[in-house]
Amino acid sequence: MSDRVRVRYAPSPTGYLHIGNARTALFNYLFAKHYDGDFVIRIEDTDSKRNLVDGESSQFDNLKWLGIEWDESVDKDKGYGPYRQSERAEIYNPLIQQLLDEDKAYKCYMTEDELEEERQQQIERGEMPRYGGKHAHLTEEERQQFEAEGRKPSIRFRVPKDTTYSFDDMVKGEISFDSNNMGDWVIVKKDGIPTYNFAVAIDDHYMEISDVIRGDDHISNTPKQLMIYETFGWEAPRFAHMSLIVNEERKKLSKRDGQILQFIEQYRDLGYLPEALFNFITLLGWSPEGENEIYSKEDFIKIFDEKRLSKSPAFFDKQKLAWVNNQYMKQKDTETVFELALPHLIKAELLPENPSEADLDWGRKLVSLYQKEMSYAGEIVPLSELFFRDEQTLGDDEQEVIAGEQVPELMNHLYSKLEALEPFEAAEIKKTIKEVQKETGIKGKQLFMPIRVAVTGQMHGPELPNTIEVLGKDKVLSRLKKYV
C-alpha cells in the first residue's frame, strides 16, 4: 500500500445515486482532497441481471452535477484499471487458483435446498446459522460424483479457527471478530463470478487503496476482507465506518421510505441547487467546529477532519435541507433561479410551452417576487398560486380585514387611480398607494392589509407594489371591483 492517500467510491449500476451513496462519495472525496490524495471511482457491476442500462452513466452524471470530481475511473485510467469489476477476471482467477492449490479454499457442491435445510436445523438448535463445512474435505471420488450429477460448485474460503480479526476503526474504535463464529464463506459463486467480499479486497489491494470509508452496515464484511489480506500477506487499508442515516422515526433510511426523496436525481428535478445538497449531505454524520452551517466546497475540503465523523446515526431533516437550499437560492442571481424555475412553470401550464419574450419577462418578475422564500426552484408553482386562481376564498382573518369600515372608501380611491395608471409598474403603483394614503388619511395596516387581501386573498406575501405589477392591471382591477 502506498503512503499516498487513495480512497474509492464503488457504486453498483443496479440503481441510481442514492442519498446514502452520495454521502459515501462525498466523504471519500473530501478526505482525499483534504490530504491531496486520489479519489477513485470503481464500478462493481458483477450483478449483471440487476444492472440498469443507464445505471453507470447516471452515477457519473449525478456525481458531476453535485460537484464531485474523480481522479481515476473508467474514463481516466491511471494504471490501476480496469475500473469495472466485470473486466478484472484476469486479476481474480490466478488468486482463486492459488487459494485452491494451497487448500485455503475448496469447492462446495451443496445445493441451495441443502444449505437452507442445514440453516433451519441450526436455528432449531438455537445456533447461529453458518456453513457447517459439510463439503470442506471431499475426496476426489466424491467431487467426481457431484460433477457427474451436474452440480456446479461454488468456492468457499477456509476460515482459520481460533483467530481474532481486529481493526481500529476511525469512527467506531477497536472492533474484533472471532473466527469461530464464522463459517467458511463463498468467494466464487456457482456462476463463476467472485463475491463482493473477495473481489473488493483484491481490488482495494491492487488499486493501492489506503483508506476505506463506507457505511457501518459494512462492518460485518470487514473480517472477511481482512482474511483475504492476511492470507495473501497484504497490508490492510484503514477503515472508517460512517453511522447510518435515519428518518424522522429514527429508522434507517430505506429506498422504500415514501416520506423522504431518496435519490439525487429527484432533488435535481425539483430544482435544488447542487452546492446546497453538497453542503447538506456533508453535514449528515459529520460536523465542523463552530456554529456555521453554510460552507463552500473549498471550505469543506480545507476543514474536513475524519475525527469529527459521528458515531451516532445521522438524522435526515427535511426542514433543514429546505433551509440550507433557501440560503443558496437567496444568493443566486434572479436569472439563474428563473432558468431553474422555468420548466416547472411550463409543466404546471402557468407559462406556455413556447413562451414569448413577454412571457419570459413576466416569469422573471414572478420569480424575483418569491426568490427569497423559495426552498427549491419547483416551489415557485405552489408559492405563486394566488396569481393564477380565478376565485379567491377568504379565511376568517382575511374576511375580518376586508370588512373594515374604511375599506369601501379605500377601494374606490385605489380602483380609480389604478384604472388610469400608466405604466402599470411597481414604482408607479407605490406612488399611487401613497397618494391614496394622503387623500383618505388611511395609513399603516388599515391601508396595506385590505389592499393585499383584496388583490391576493392573503394577509402576507411579497412586496405589495411588485405583486400588483406582476398580477397585471386587468386581474387587479377585477379583484378590486368586488369591494368598490
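Our numbering is plain: 1 for the first residue shown, then up by one each step along the chain.
Quick reminder: no glycine exception, Cβ is built from N, Cα and C everywhere.
Over in Swiss-Prot, the protein carries these features:
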- LYS255: ATP binding site (BINDING)
- 11-21: motif ''HIGH' region' (MOTIF)
- 252-256: motif ''KMSKS' region' (MOTIF)
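DSSP places the residues of the motif ''KMSKS' region' (252-256) in helix, strand and coil in these numbers: 0 helix, 1 strand, 4 coil. Counting residues 6+ beyond its ends, the motif ''HIGH' region' (11-21) has Cβ neighbours under 8 Å at 41, 43-45, 47, 50-52, 55-56, 58-59, 62-63, 215, 244-245, 253, 255, 260, 262-265, 281, 284, 316 in the same chain.
Applying DSSP to the motif ''HIGH' region' (11-21) sorts its residues as follows: 3 helix, 1 strand, 7 coil.
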